[in-house]
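> There's a structure below that I have some questions on.
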Amino acid sequence: MHRFRKNTCLISDYFHSTGGNYNLSQPCVNIGMVGHVDHGKTTLVRALSGVWTDTHSEEVKRGISIRLGYADSPFMKCPKCPEPQCYTVEKTCPNCGEKTEEHRTVSFVDAPGHETLMATMLSGAAIMDGAVLVIAANEDCPQPQTKEHLMALDIIGIKNIVIVQNKIDLVSREKIIENYHQIKEFVKGTVAENAPVIPISAQQNINIDILIDALETQIPTPSHKVDKPASMLIARSFDINKPGASIEEIRGGVIGGTLTEGVLHPGDELEIRPGIKVTTEGSTRWIPILTTVSSIYAGATKVDEATPGGLLAVGTYLDPTLTKGDSLTGQMAGVPGTLPETRHQFVMELHLLDRVVGVTREEKINEIKTSEPLMLNIGTATTVGVVTSARKNEAQVALKRPISAAIGAMVAISRRVDSRWRLIGVGVIKS
């Protein structure tokens, strides 16, 4: 079998680092950008990182995020200026001209805000350590996906939240204050009730220093289990080869995501589960993939060791046809023999919401019924499960596409409401 070449810095075209000429340390925290469509999430990521994460051709054409976007950025600190003016993403302080020092590097996960892309948002939320809820000051609050995204953060258990009141340059002071009170009323009684509300303009770079100060306070670097076997949630996968490349030039497939525990090095063996679907004589099964790490990138920086926190691009010796077009998204990678089992069905304990959010009429949520199809998000995986048995607080589902998940894993549950998948609750895998 042909052993594909090691990957080069072409990997960094897919997991971006800041537009400045920095030598970044590995990101230590993943921060999600969530909120309603066109409220400025991608523009804010660009203001903080210099990277425009909408690079897919359809995203450029339609002007909205479709896939998860990623960008790394350093939070720099001026040794002379007081807080919050000391914070910037520049190498020199915009206030006094002093050379700044790197405080920490973060990864941003830019989730789409369109209602039809809720599954993508939920898979991104699985790798977030905290989140920025972006709310436009020039529209009434809350908008439908503002409500749905906040409910998703609450259900998944993301408690470290900063609220950004964006586009303050487009409205009057009176409208900003009115919108602020709408925001505070909206988050009352939710996981974001005590989150700070930072008024900014991502387009004009207004109050970015105050926002970074809030992110430093509200979303600390989490502690990670580096003494465990390496385990990685795959959020993207790529074929980085250009059309027409000769066999000698072909490079192995790339997986992108975040380490949840353990340490990863070039040369380490990896198992990927559930793996690839194989059909023989009318019988279908999923076979785990085994490969070796050829290179690791944190943004554009090649590293010899990767630890949990932040986003990584991992080069492998896999046939790139296995990784092209996000085909391994939702799978798990880790030390062979240590990953959770592949599940074609499971029983989950149910915790349903009272009402459907994100729709015009917030209807009461009825109990889950046998034979009902549900969209299920487990980690970065999205699959459809058909309910094979249902009781008041428990349901068994048969999956259209298997997942690798442990007992106790959390499941975000959505059902079809008015031809759209709507979040209705959360489950916990029991068996």
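Start at 1 and count along the chain as shown; that gives each residue its number.
Glycine residues also receive a Cβ, built from the backbone N, Cα and C atoms like all the rest.
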> May I ask you to indicate which of 94-97, 110-113, 246-249 is given in Swiss-Prot as region 'G3'?
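Swiss-Prot lists region 'G3' for residues 110-113.
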> Tell me which range among 166-169, 258-261, 326-329, 334-337 Swiss-Prot lists as region 'G4'.
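When 166-169, 258-261, 326-329, 334-337 are checked in Swiss-Prot, region 'G4' belongs to 166-169.
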> Given the ranges 35-42, 99-106, 139-146, which one is assigned the annotation region 'G1' in Swiss-Prot?
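Matching range for region 'G1': 35-42.
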> Quick test of your reading of Swiss-Prot: among 63-67, 263-267, 303-307, 413-417, where does it put region 'G2'?
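Feature region 'G2' in Swiss-Prot: residues 63-67.
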> Fewest other CB within 10 angstroms, which one of the binding-site residues CYS78, CYS81, CYS93, CYS96?
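Least crowded of the binding-site residues CYS78, CYS81, CYS93, CYS96, by Cβ count within 10 Å, is CYS96.
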> Other than CYS78, CYS81, CYS93, CYS96, which residues of the chain come within 8 Å of the Zn(2+) site, judged by Cβ distance to the Cβ centroid of those residues?
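Result: PRO79, LYS80, GLN85, CYS86, THR88, PRO94, ASN95, GLY97, GLU98, THR100.
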> For the region 'G1' (35-42), give the DSSP counts of helix residues, strand residues and coil residues.
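Secondary-structure composition of the region 'G1' (35-42): 2 helix, 1 strand, 5 coil.
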> I'd like to know the mean pLDDT over the region 'G1' (35-42).
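In the predicted model, the region 'G1' (35-42) has a mean pLDDT of 85.
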> Give the residue counts of the region 'G4' (166-169) per reduced DSSP state, in the order helix, strand, coil.
2 helix, 1 strand, 1 coil
> Would you mind reading off the Cα separation of CYS93 (Zn(2+) binding site) from THR42 (Mg(2+) 1 binding site), to the nearest angstrom?
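About 24 Å separate the Cα atoms of these two residues.
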